[in-house]
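Feature list (source: TrEMBL):
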- 1-93: domain 'Thioredoxin' (DOMAIN)
- Asp11: site 'Deprotonates C-terminal active site Cys' (SITE)
- Cys17-Cys20: disulfide bond (DISULFID)
- Cys17: active site, nucleophile (ACT_SITE)
- Asn18: site 'Contributes to redox potential value' (SITE)
- Pro19: site 'Contributes to redox potential value' (SITE)
- Cys20: active site, nucleophile (ACT_SITE)
Amino acid sequence: MINSEQPVVVDFWATWCNPCVGFAPVFEQVAEERKGEVRFLKVDTEAQQQLAAQFQIRSIPTIMVFKSGQRVDMINGALPKTQFDQWLNQALSKG
């Protein structure tokens, strides 16, 4: 999935994580706004522990941006929509 021709944004989260649950509507709204331009994926770190370990997830939510299979940026913590949009624009301009 991360080797997509489109940039990929991955939200590592868990159901018990209140900031993750609070950030979910922001992530979903931005995903809808950028549909066709960027792929958005969610990874439940409880259900996908091996994947979380592979990407060395130490805190959640963690958001990663991949371009051509390479991680170009990462941020920990939930952001308001405006800040998430700004961070994502910067991340997508890398690589």
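Glycine too: its Cβ is placed from the backbone N, Cα and C atoms.
Heads up, TrEMBL stuff is auto-annotated, nobody curated it.
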Considering only the recorded positions Cys17, Asn18, Pro19, Cys20, which residue has the minimal Cα-Cα separation from Asp11 (site 'Deprotonates C-terminal active site Cys')?
Cys20
May I have the DSSP-based helix, strand and coil counts for the residues of the domain 'Thioredoxin' (1-93)?
34 helix, 25 strand, 34 coil
Fewest Cβ neighbours within 10 Å, where candidates are the disulfide-bonded residues Cys17, Cys20
Cys17
Tally every other Cβ atom lying within 10 Å of the Cβ atom of Asp11 (site 'Deprotonates C-terminal active site Cys').
22
